[in-house]
Amino acid sequence: MVDFARKLLFHDKPRFILTVVGVAFAVTLVLVQIGLFMGILDNASVTIDHMDADIWIMSKNTPNIDFAHTFPETYLQRVRSVPGVERADNLIVWYLLIELPTGTQETALVYALEDFARWRFPWHIVEGDLHDLKRGRYFFMDESAERRFGPFAVGEYREILEHRLKILGRTRDAISFTTSPIIFMDYRIAQALDPITLSGRTTYITVKLASGADMATVIAELRRRLPHNDVHTKAEWREISRQYWITNTGIGLNMYVSAFLGGLVGVVIVAQTLYASTMAHLREFGVIKAIGGSNADCYKILSQQALTAALLGYGGGFLLAQAMGPVVAHLNLKLMITFGLGVAVFAGTLILCLAAALFSFHRIASLDPALVFRG
């Protein structure tokens with residue numbers, strides 16, 4: 001049965017190639033769309049994921065990490081006095097205007113701490129020493145900024161809100177969801193750049209728990225002492241930031257629609273090809289039924305054809321999607337094709353191709369075996 005199924009499938013090579021290409025296109029579309037979606041969501045929480053903090057404290061109803069609101073920086077003392085807190089620091093996340101050498105102005109997303117090293121942040125330093133940020137008006141800039149800001153080098157100067165600062169280092173992989181380039185500077189320098197808004201204010205307090213401390217107990221006490229702030233675990237804050245962009249930008253709906261269309265394309269192509277092949281070989285199927293073959297035997301043949309197309313199409317689509325990773329990386333986008341995603345799309349490809357075979361099976365199930373004996 002397997003050999004017969006393959007002979008039928010390979011008999012019309014152009015049609016077979018079209019089937020495999022169609023499945024590969026559908027697989028590529030689904031993998032790329034979902035992979036980009038996962039990459040974009042990763043940007044929405046990448047700084048949360050890499051900051052060595054167990055608890056985040058922010059103003060009430062802060063929607064996500066990028067859109068922060070200020071509150072008094074003196075709240076930090078209340079946090080540090082809570083039993084179970086090993087360390088806590090103020091963190092400013094704020095948008096500031098940076099003037100480029102061309103004379104144009106762009107928005108940069110500033111992350112400002114008093115001691116970056118103790119929080120292991122930023123996590124990927126290409127050039128420079130974080131400890132030097134305390135020495136004056138200096139900042140680190142992520143390499144992704146070159147797409148919007150143009151080329152830059154350590155030692156160059158930029159004006160931020162009419163203050164001249166020196167680029168002291170480069171980081172990598174610090175990309176915000178809004179695509180505004182991320183820069184890192186000392187906490188007090190950030191306040192000095194925008195004193196009207198930031199003087200005596202912060203946007204977050206990051207907390208590291210002491211070894212053995214009970215997180216639920218510490219959070220309950222923090223909420224009691226800071227009734228006008230939100231207190232979240234790292235995992236909670238990560239999910240809140242991601243869900244904001246999913247529900248407010250429509251990227252989730254776009255991903256689902258694209259995945260559905262990709263699956264639909266694959267089903268239509270496989271179903272049409274198998275049906276055309278079945279109609280062209282009705283007499284052969286009639287012979288199988290005439291010599292005692294059952295409908296189940298016929299469906300096994302169709303299933304083998306569908307699985308062959310699914311396996312070859314998935315392989316081609318997966319390789320093509322992987323090849324697109326470096327391409328989208330040049331656009332500061334991430335294509336995250338995880339093992340779980342690959343397995344899920346593979347299973348979906350097999351299921352949809354087998355489902356497509358049902359269209360042809362319906363025709364064979366009603367086939368009269370006597371057809372083969374008619375002139």
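Sequential numbering from 1, following the chain as shown.
Placement of Cβ uses the backbone N, Cα and C atoms for every residue, glycine included.
Sequence-distant contacts of the transmembrane segment (16-41) (same chain, six or more residues past either end, CB-CB distance under 8 Å): 9-10, 177, 242, 245-246, 251-252, 254-255, 258-259, 261-263, 265-266, 269-270, 273, 309-310, 312-318, 320-321, 324, 328, 333-338, 341-342, 345, 348-349, 353. Under the heading transmembrane segment, TrEMBL lists 16-41 (among others).
The domain 'MacB-like periplasmic core' annotation in TrEMBL covers 17-224.
For the transmembrane segment (255-275), same-chain residues at least 6 beyond its ends with a Cβ under 8 Å from one of its own Cβ atoms are 15-16, 18-19, 22-23, 25-27, 29-30, 33-34, 37, 302, 305-306, 309-310, 313, 348-349, 352-353, 355-357, 359-360, 363. Residues annotated as transmembrane segment in TrEMBL: 255-275 (among others).
For 258-369, the entry in TrEMBL reads domain 'ABC3 transporter permease C-terminal'.
Annotation source TrEMBL lists transmembrane segment at 309-329 (among others). The list of residues near the transmembrane segment (309-329) in space but at least 6 beyond its ends in sequence, with Cβ under 8 angstroms from a Cβ of it, reads 9, 16, 19-28, 31-32, 35-36, 266, 270, 273, 335, 337, 342, 345-346, 349-350, 352-354.
Same-chain residues lying 6+ beyond the ends of the transmembrane segment (335-359) with a Cβ under 8 Å from its Cβ atoms: 23, 26-27, 30-32, 34-36, 38-39, 42, 263, 266-268, 270-271, 274-275, 299, 302-303, 305-307, 309-310, 313-314, 318, 321-322, 324-325, 328-329. Positions annotated as transmembrane segment by TrEMBL: 335-359 (among others).
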Quiz item: the domain 'ABC3 transporter permease C-terminal' (258-369): mean pLDDT?
Solution: 79
